[in-house]
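See structure below.
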Amino acid sequence: MRRNHSSEYRNDSRRNLKLLEDEGVISPKEIPQISEVNKYLQKRTGFILRPCSGLLSARDFLASLAFRVFQTTTYLRHSGKPHHSPEPDLIHELLGHVPMFADPLVAQMSQDIGLMSLGASDEQIEKLATVYWFIIEFGLCREDGQLKAIGAGLISAYGELMHACSDKPEHLDFDPVKTAMQKYEDSDYQPLYFVARSIQDALVKLREYAKSLERPFSVIYDPFTRSVEVIRDFADFAPALQRFRMEFSSTTHAIDNLSLKKFPQA
């Protein structure tokens, strides 16, 4: 798969895939242990894979992402159809999602969608699941003037990747408001794909979209405890504000030290 279509990967995706191979996490010869994959991902972005059986509801699946947990299947596609799987399988998870979760920006974008789902209505969950489908699973971006795959569903499926980057389907600019309303195809190639200018631009647009979601509370993720703080009033915000002040103080101190080294006083 890498030999046939790595040119349709983003540069960061190729780098992440190579790092995974160089570290011995993934190999063409064998399927890795989830525990070994998790050790690598936790060092990179704090994400982990959690094996699950059966289908999860969209709400439960998205909620897991809020805590940087990705629910993964252990099903493996039929050897007679290696280029496409009608449902998520282990190849999809390992070659599609793992390199993505090793990318700090894509990991953040995935978690942001999960955080948006906490406290969301059923209608909002459906929209967020659709946005997730079109950007994390089947999203494209432009890089060096060419269409490149963001989505794990494309990276792990040679047939659909070639289809997505061709002139056959429709391509629209990624806009979460419009994307959330788009119907998708879950049993065949997509007739339409959304194209982001970049991962950074997609993340900015997602965070703007989050501001439009009316929820009974806001949430802040604490990476030290891997928990979520629920913010309903200013009193709830106090611990997060204190943590921000401490982090800001440390950051400004580091910047001051760098400035002194670069511009020493006479």
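Every residue, even glycine, has its Cβ placed from backbone N, Cα and C.
Annotations in TrEMBL come from automatic prediction, not curation.
Feature annotations, reproduced from TrEMBL:
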- 1-259: domain 'Biopterin-dependent aromatic amino acid hydroxylase family profile' (DOMAIN)
- His92, His97, Glu137: Fe cation binding site (BINDING)
Note = Same-chain shell around Fe cation excluding His92, His97, Glu137, C-beta within 8 angstroms of the CB centroid, reads Pro88, Glu93, Gly96, Met100, Ile136, Gly151, Ala152, Gly153, Ile155, Ser156
Query = For His92 (Fe cation binding site), what is the tally of other C-beta atoms lying within 10 angstroms of its C-beta?
reply = 23
Task = Could you tell me the mean pLDDT over the domain 'Biopterin-dependent aromatic amino acid hydroxylase family profile' (1-259), as a whole number?
result = 89
